[in-house]
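Novice: Annotations per TrEMBL:
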BINDING   B:Arg65, B:Thr66, B:Arg115, B:His143, B:Gln146, B:Gly272, B:Pro273  carbamoyl phosphate binding site
BINDING   B:Lys93, B:Arg176, B:Arg231  L-aspartate binding site
DOMAIN    B:13-156  domain 'Aspartate/ornithine carbamoyltransferase carbamoyl-P binding'
DOMAIN    B:162-310  domain 'Aspartate/ornithine carbamoyltransferase Asp/Orn-binding'
Amino acid sequence: MTITITNIKRIGSDQTESVTIENGTIKGWNLPAEGETIDGQGGTVAPAFTELHAHLREPGQTEKEDLSSGLAAAAAGGYGTVVSMPNTSPVVDDPAIVRSLIQKAQGLGFARLRPAAALTRGQQGEALAELTYLKEAGAAMFTDDGRTNENARTLRLGLETAASLGMVVSVHAEDASLRADGVMNEGAVSEALGLPGNPAAAEAARVARDIEIVAGLHAQGRPARLHIQHLSTARALDLVREAKKRGLSVTCEVCPHHLTLTDEALRSFDAIYKVAPPLRTQADAEHLLEGLRDGSVDCLATDHAPHTRAEKERDLLEAPSGIAYIELAFPLMYTRFGESLGLERIIELMTTAPARVMGWPEPSLEAGAPADLVVLDLETERTVEPATFRSKAKFTPWAGESLKGWPLLTVVDGKVAYRRV
Amino acid sequence: MSAATTTTSARPRHLLDFTEWSPERLNAILDNADTMLQVLDRPVKKVPALQGMTVCTAFFESSTRTRTSFELAARRMSADVMTFAAGASSASKGESLRDTVEVLTQYKVDAYIVRHHAAGAAHLVARYSGKPVINAGDGRRAHPTQALLDAYTIRQEFGSLEGKTVAILGDVRHSRVARSNAELLPKLGAKVVLCGPATLLPAELGTLPGVTLTSDPQAAVRGAHAVMALRLQQERMGGGFLGSLQEYADTYQVNEGLMQEAESGAIVLHPGPMNRDVEISHEAADGPRSRILKQVENGQAIRMSVLYHLLVGRE
Ligand SMILES: [Zn+2]
């Protein structure tokens, strides 16, 4: 299968070019057009994005999302690869589930699925899952996300095992006892609203503990790879900075919603703003943004966490946590931070950076590289209309906002996974 | 939401908390309660003000006292009353608050009185119902009619709240009564001192205008014109907030000894129901300074006044 995309600019260049794709790889640039020709409408080409943190809800919670809706949404957001979280029903702690998910996703023709598997059986945090078999089945990483690894010894054993397999363990770093019944950031806003708060220290204390576990293993010559998910506080980021200085394999991701929203949003009492970890303060958001700039934050991830509308229309204590916006992650980042971070850094944080965290080959647009790419319209402003989302979660905090940077075309494995052109 | 866009000079559509209520509006409610008290003293305790209207008490959390007070207030104004007691049942059946409210709106209700265990639930009902909503207590957030009846009771005693000091002792952290009073009383010219063990006294509340915090009960009560004891919930013990009930009672109980520190004419308040001899002593609860039963009577008048203000007295 051959496709030629014309009228596009490579990121970082002003030149209008064309690219030819054949059998899943980039054949070359500015060759005579072959196969199906697609007009890129002057868009900018980058490698397709990689999402390290999405909840696709299959198996078991398909009323919220399923592989088809979730991977279609990802492709519409410019993503070529998605790592799905294993906190499904049942939990992805069995090699057979990993295999069946990969197989099912392959037939869909949207973004590529790389399922994460549970670190512990049933994500119960006590007994390790069969990490060796899970890796063989195709698991991308191990995580108990959705839960918080209260048992430090089990996490340590998991990090040791994963290290021997060359795999990353990612963690939802939050001390559950400090979080207690908190449903939003603990601070002036939570007290004014009378809502139970979740202190910043719940995250920092857990990050500190996990870093010390990695440091201990490192000292024994076991370079375990710890990835901290959805970092939300300034102090936790400083701890990661120190860990990097110590030469530890500790990486972290930040979510656009923690950069663009603060706990002030909860004054609406709208559970659409309820996320875990919670929206923090403006100072935290600015500190995280600085971390994206200076490299101490490794990559962006959305923590795409769809729920049904009815669940989100409950009160703030009852409603589940999570925002779903994989379709507008790049437009949101580019519109808000295109000037302060720069287009190239944003693209890097969504392409090369997540690949580096995982130890995967770095994406490239050169001839011979896998044909995973996205064409972005950096000019046209479009209103966010949740009704048009591919995701089953058709609501978002940014509904009605005007954003630019929308994907025009996403190619995965040499095939069109999404197109607006 | 509609609530957030109303200006302070406009007449608020709901009583969710006091954010949009000016001191003038609040005083109008207190003034009107005088009239309502007179109605309650008549042989026929009924006026036709809300005739033909239906008021729904939607209690997602049970509270017989508050509901009775609201329902009587509505009936004395000749409104029809519809009782909806959801408990936690509809939520556990998976129905969202929005769905519940949308079903209730089909009964053509004219106003909602909402009690819910979650802060902000009354705001959501206001958003989805399109009718006036009175917050009858939402989580730890607010219980505005309770604060109004407290303010009214103090005003009855001293003629005005201007320059008065009100000490509130107990589990401030989990108290909607404390939060509502801390919001209301300074708007009416009073100072509020919140007092309790450090674990039950969120530091951020000290940033509210006219509000100070202390963990020293003597200091809190010194110079106070009204001293309010908050209900201490026994289950807080399991949360590790307190060493023991005995320790709490020995330190923070409102009793005759502590009241010696207050102004000579100071009164004792309690939102009820009381744990006698825990947060308040028998003697203080039943003594000459106590206005606890008066609060109950005033509560009905205040609720009549609020209903009148929201449903009839609109420009
Ligand atoms: Zn998480």
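The first residue you see is number 1, and the count goes up from there.
Note: Cβ is positioned from N, Cα and C throughout, glycine not excepted.
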Novice: Among the binding-site residues listed here, B:Arg65, B:His143, B:Arg231, which has the most company in the form of other Cβ atoms within 10 Å of its Cβ?
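Specialist: Result of the Cβ crowding comparison: B:His143.
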Novice: If you count other Cβ atoms within 10 Å of each one's Cβ, which of the binding-site residues B:Gly272, B:Pro273 has the most?
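Specialist: In terms of Cβ crowding, the pick is B:Gly272.
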Novice: Compute the C-alpha separation of B:Thr66 (carbamoyl phosphate binding site) from B:Arg231 (L-aspartate binding site), stating it in Å without decimals.
Specialist: 15
Novice: Of these binding-site residues, B:Arg65, B:Arg115, B:His143, B:Gln146, B:Arg176, B:Arg231, which are close to chain A by the rule of a Cβ under 8 Å away?
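Specialist: Among the binding-site residues B:Arg65, B:Arg115, B:His143, B:Gln146, B:Arg176, B:Arg231, the ones whose Cβ sits under 8 Å from a Cβ of chain A are B:Arg176.
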Novice: Do me a favour and check the Cα-Cα span between B:Gln146 (carbamoyl phosphate binding site) and B:Arg176 (L-aspartate binding site); whole Å is fine.
Specialist: 9
Novice: Long-range neighbours only, meaning 6 or more apart in sequence with Cβ under 8 Å: which ones does B:Arg176 (L-aspartate binding site) have?
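Specialist: Set apart from B:Arg176 (L-aspartate binding site) by at least 6 residues yet with Cβ under 8 Å, we have B:Gly137, B:Asp138, B:Gly139, B:Arg140, B:Arg141, B:Ala142, B:His143, B:Gln146.
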Novice: Just checking a number: largest C-alpha distance across B:Arg65, B:Thr66, B:Arg115, B:His143, B:Gln146, B:Gly272, B:Pro273 for the carbamoyl phosphate site, rounded to a whole Å.
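Specialist: Max Cα-Cα spread across the carbamoyl phosphate binders: 16 Å.
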Novice: Does DSSP give B:Arg65 (carbamoyl phosphate binding site) helix, strand or coil?
Specialist: helix
Novice: Using DSSP reduced to three states, classify B:His143 (carbamoyl phosphate binding site) as helix, strand or coil.
Specialist: coil
Novice: Taking just the CA atoms, what is the gap between B:Arg231 (L-aspartate binding site) and B:Gly272 (carbamoyl phosphate binding site) in Å?
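Specialist: Just about 7 Å between their Cα atoms.
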Novice: If you average pLDDT over the domain 'Aspartate/ornithine carbamoyltransferase Asp/Orn-binding' (B:162-310), what do you get?
Specialist: 95
Novice: Taking the Cβ of B:Arg115 (carbamoyl phosphate binding site) as reference, which residues of that chain separated by at least 6 in sequence fall under 8 Å from it?
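Specialist: Spatial neighbours, sequence-distant, of B:Arg115 (carbamoyl phosphate binding site): B:Thr57, B:Ala58, B:Phe59, B:Phe60, B:Glu61, B:Ser63, B:Thr66, B:Arg67, B:Ala136, B:Gly137, B:Asp138.
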Novice: What is the Cβ neighbour count of B:Gln146 (carbamoyl phosphate binding site) at a 10 Å cut-off, with all protein chains included?
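Specialist: Excluding its own Cβ, B:Gln146 (carbamoyl phosphate binding site) sees 23 Cβ atoms within 10 Å.
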